[in-house]
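Input: a single structure, listed below in structure tokens.
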Amino acid sequence: MSNRSQSEAVAYPTSSHWGSYQVLVEGDRVVGVRPDPDDPAPSPLIGNAPDAQHHSTRIARPSIRRRWLERGPGPNPRRGAPDDEFVEVDWDTALDLLAAELRRVHEEHGAEAVFGGSYGWGSAGRFHHSQSQLHRFLNTVGGYTRSRNTYSHAVVEVLFPHLLGTPAAHDLLERPPSWKAIARHTDLIVTFGGLRASNTWISSGGRAAGTALPAMEKAAGAGVRTVSVSPLRDDTIDEMGAEWLPVSPGTDTAVLLALIHVLFDEDLADRAFLDRYTVGADVVRRSVMGMIDGVVKTPEWAEEVSGLPATRIRALAREMAAGRTLVNVGWSVQRARYGEQPMWAGLALAACLGQIGLPGGGFATGYGSTGRYGGGSTPGGLPRFPQGANPVDRYIPVNCTADMLLDPGGAFVYDGEELTYPDVRLVVWSGGNPFHHHQDLARLTRAFGRPETVWVVDTHWTATARHADIVLPSTTTLERDDMAASQGDLRLRAMPRAVPPHGEARDEYEVYRALAARLGREAEFTEGRTAEEWRRHMYEEWRKRQKEAFAADLPDYDAFWAAGSVDLPGRVEEEALLGDFRADPVAAPLKTPSGRIELFSATIEGFDLPDCPGYPVWLPGEERLGSPRSRRWPLLLLANQPSGRLHSQQDMGAYSRGQKIAGRAPLRLHPDDAAARGLADGDVVRVHNDRGSLLAGVQVSDELRPGVAQLSTGAWYDPSAPDVTCVHGNPNALTPTTGTSGLSQGCTGQHVLVEVTRYRGDPPPVRALEPPVIITLEQQDAEGWE
Ligand SMILES: Nc1nc2c(c(=O)[nH]1)N[C@H]1C(S)=C(S)[C@@H](COP(=O)(O)OP(=O)(O)OC[C@H]3O[C@@H](n4cnc5c(=O)[nH]c(N)nc54)[C@H](O)[C@@H]3O)O[C@H]1N2
Ligand SMILES: Nc1nc2c(c(=O)[nH]1)N[C@H]1C(S)=C(S)[C@@H](COP(=O)(O)OP(=O)(O)OC[C@H]3O[C@@H](n4cnc5c(=O)[nH]c(N)nc54)[C@H](O)[C@@H]3O)O[C@H]1N2
Ligand SMILES: [Mo]
């Protein structure tokens, strides 16, 4: 919040992925924020908004990489070089260049040479949503190669349709038991990957109120006991009084298989449930009993692998069988090599407990991963901006972006398919930051050197914008009218514009309209509507659907806008997942080949993948304590979600800045590991492995398991010093691009082995939060073209 007097400030309600709040505006400036009066638990992340809105890294005008302007499109290995110059141009010049480049690429290489996946968490807002706008535009002008799945939970998206079928796999993400049902019915939550409070500050699409933390507290108050299996003690809030089982990262599958072993060994497994509702339980039983590979998956065996005491694992299995138990496997646990296995083993454990389909019991994934999980669902949907159809059917799993750019025509497998990478010439990104989110960023820089043109639309000069040839400035959510809600939310909220656009920033709708006009497709893109008319249209279409589905009489658009919000009709707070299937598996079978839960999947077995067989198994990853690689890189770095911001967004904001140490990302180290290296709080260290190095500031903490270090994602990537990959502390300077397996090809960025050493001498300054060198066309003319 701002120190300035806020007496004359006008408060504007708004909403973002980090919640609903009010911005305080004086004249044209955001001078502070305050929580929404209806929010019982506002997110501290709102404190980043004022500084981010007016920061010097806002993009003010369309800018073209000087070399691209002078030499035209072509591969450029120097893309992203810290001293590269950009030339500011007017909008017409930028749009003419871009339209000509799109036309050229289409004519010479076809629309599939345009990579428009554009993954990322750009603004919340149902209309001005970057990907929706961009994808509609690209679809209107011929299509694009797209990306599939998320960084968040690719394994859940690809694996569970095989195990539960669709829509049950979808319900797993969208309709888990609500926190209220948990408080009412659950005795014990065993959560692999914690219930990290700061993660619940975020909901994709925004959230009317922060409901998750109060609900967790209430559940604990109602007697729900929590066991947090996590390398970090503070992955649960104190109020829950959770028991901490400090697992070694990447070894949950061993613990899960041992829990299953105890259930079979002590005849606690619910055989009637397994017979009636699952296939493959016998394969799982034989596997944990050692009848397939000769290794009996006892708690003693799991102790060796995971570091958790065998006695505790054995007792936990008995406790789980004794009452109503919910098994939660968080998304972090699958964001690692062989990430399919803990998810599958977690489902198998819940099946052995026989409580799937019972209120407050069974299997779940996502409590503690976002604020909306367990917060209800809205089957009536939300207002939507139609994206049209993509005439191009090429795609890649999103985690394969660098592979695609480095290996055009190269073969890969994904979900039983053998595919090849397209030959991409033009990369476009809007509302995402691959130089935040992708792994092995030095490799990504090489990959971004390959295409002929990189086009980025963003609000700020992120590392991705600095790797672009054509950079267009977008307005922020505070600079345009919109509306927001997340799936399962309480209300749809109006987001009235609070301040005028920064510099010459434009709404993306206007950018794509103008581009579509240049390509002769304006009428198809706009369907004759202005932005305001689209919002009305989207709202009214949605209102009609709510009327049909729930006989809900919602106010019209003007009344909604004047009131500022409307309650979402038809909300449900689920008691159980798969309740119908449990009630009658014959009448309501799952949409799997067997109609049941597939603990063994003949389909996946048939894919014949070395890294994902047909039933859950323990596969030891490389980036793991005790692996051969750990002899050289002895610390396991957890690259989890940052508590100071959403990913890389608003890293310059007050709340995010307040967490930095010596201006760099904080690296938490266990006291033993710090002492062994002679390190203390505040030291600047080099964190390194064979992929790269970064600088970070030390924070010693006994909240971590020894051997584990923690450095959350999101410090803006800063390659400005010659001998360090990132001087600011982005952990993706070190992480591997390997996929989870040939099944899901998910992101494995959560775990990476490193060494930490003191940085000797004066550390190089952080430059990421400064704009690049920008010149005018006149200056460029005066200096002469290359
Ligand atoms: N090592 C490691 N890496 C990870 C993860 C991990 O656990 N470990 N987690 C992964 C996960 S789960 C995710 S989801 C990704 C997240 O990765 P991203 O979603 O790419 O990260 P963000 O920083 O949210 O990027 C959003 C971008 O949109 C821009 N933006 C905001 N508003 C607007 C707008 O109105 N218009 C436009 N055009 N742009 C806008 C922001 O400035 C920012 O550059 O990171 C992944 N990376
Ligand atoms: N504040 C904030 N909240 C966010 C985000 C953000 O950027 N900032 N991003 C949002 C997004 S896009 C997503 S996808 C979700 C992600 O949600 P998650 O994937 O659940 O979040 P993470 O913070 O990556 O990981 C949660 C915890 O898992 C634990 N963990 C890591 N590895 C292992 C392991 O091998 N075994 C076990 N048992 N535990 C492990 C770590 O201690 C970590 O703190 O978060 C969302 N919430
Ligand atoms: Mo995510």
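Each residue, glycine too, has its Cβ placed from N, Cα and C.
Residues or ranges marked as domain 'Molybdopterin oxidoreductase N-terminal' by TrEMBL: 14-54. Across the range of the domain 'Molybdopterin oxidoreductase N-terminal' (14-54), the DSSP-based residue counts are 10 helix, 18 strand, 13 coil.
Annotation source TrEMBL lists domain 'Molybdopterin oxidoreductase' at 58-517.
Summed and averaged per residue, pLDDT over the domain 'Molybdopterin dinucleotide-binding' (635-748) gives 98. Residues annotated as domain 'Molybdopterin dinucleotide-binding' in TrEMBL: 635-748.
Marked as region 'Disordered' by TrEMBL: 31-57.
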Secondary structure of the domain 'Molybdopterin dinucleotide-binding' (635-748) by DSSP, residue by residue, totals 13 helix, 32 strand, 69 coil
